[in-house]
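Okay, so here's the structure we're looking at.
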Amino acid sequence: MPRGGMDDHWPSSDDQGHDPKEPEQLRKLFIGGLSFETTDDSLREHFEQWGKLTDCVVMRDPQTKRSRGFGFVTYSCVEEVDASMSARPHKVDGRVVEPKRAVSREDSARPGAHLTVKKIFVGGIKEDTEEYHLRDYSESYGKIETIEVMEDRQSGKKRGFAFVTFDDHDTVDKIVVQKYHTINGHNCEVKKALSKQEMQTASAQRGRGGGGSNFMGRGGNYGGGDGGNFGRGGGGGFGNRGGYGGGGGRGGGGYGGGGDGYNGFGGDGGNYGGGPGYGGRGYGGSPGYGNQGGGYGGGGGGYDGYNESGNFGGGNYNDFGNYGGQQQSNYGPMKGGSFSGRSSGGSGSGPYGGGYGSGGGGGGGGSYGGRRF
């Protein structure tokens, strides 16, 4: 297929010729806001100042060959990516551009994947995990502003999750793009922390993409169909009424549940994390956050139940850390492809994923307890 075609935008999972510890997704930057005069050569000339580029492309309309206003550069190692991001702001052909770490195909389908935020949600916090464990881990990615370990106001017991706010959105992008996180010896989920308003924005943006052009393939349709379902249709999706991850979710609210979950800010249950608490009776399955019975991504729903079997790779997120079962899938955006359903160079909120560059911050509100450090 010619350079810049639709299907060659996605790398192979083995990422041949490079250290497997540094998959292509981690070495790739999305460059938004390009001048329509910018070419592959002028883009390369600028960004190769910070390292060796293994690929560089300005995305163009396949019919008119006109620039879509964005492109991608891929470095030979993550260290070069970090150096490039540390050199912001970047100006190419007289225009200030916006570099962001590329988002994988599966992550692009998740709420807020392209929103710009400085706060992360950390799930799976165990009772023996203290603030300094979170700080030690998070400081390796960037400068921390605050850490909030969420607790039950009455008992003082940890709720099982925390929030970390950094001074730079790129630190958040860097940490969430990685698939595995182990804090104080425990497997943890790390994702962007979105306010209720940001969740609504993300849902609306995915809804505009709608239909069969989204990333989840058959039946996924986040933001469209039945109430913005993040999963295979039906009730109980992300932000719907039953648990966190799709058709069989439990917990009467759960993470993101109807009115009393993570983005319910107090709601009916009055707790930040839903009536039975974060991971209560079914954060993606029956009991608990990652217990072997259902677990994170367990059968029948789970987190990101967007393939036909209704789970992410068929594996549990349990103490053995088999997140997604066998191996990571696509390593992230390559040349070409439709990022926001109907078009990849769309107007309004941005050309990439229909939502890059929006908003900031997250969390807040709700009748929960927490210690801020």
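Using N, Cα and C of the backbone, Cβ positions are placed for all residues, glycine too.
Annotation comment: Swiss-Prot describes 1-25 (among others) as region 'Disordered'.
When DSSP labels each residue, the domain 'RRM 1' (27-110) comes out as 25 helix, 32 strand, 27 coil, counted as helix, strand and coil in that order. For 27-110, the entry in Swiss-Prot reads domain 'RRM 1'.
Positions annotated as domain 'RRM 2' by Swiss-Prot: 118-206. The average per-residue pLDDT of the prediction over the domain 'RRM 2' (118-206) is 94, rounded to a whole number.
Annotation comment: Swiss-Prot describes 196-218 (among others) as region 'Disordered'.
Among the features that Swiss-Prot reports, compositional bias 'Gly residues' is placed at 207-218 (among others).
Here Swiss-Prot flags 319-373 (among others) as region 'Disordered'.
The feature compositional bias 'Low complexity' is assigned by Swiss-Prot to 319-333.
The annotation compositional bias 'Gly residues' is assigned in Swiss-Prot to 334-373 (among others).
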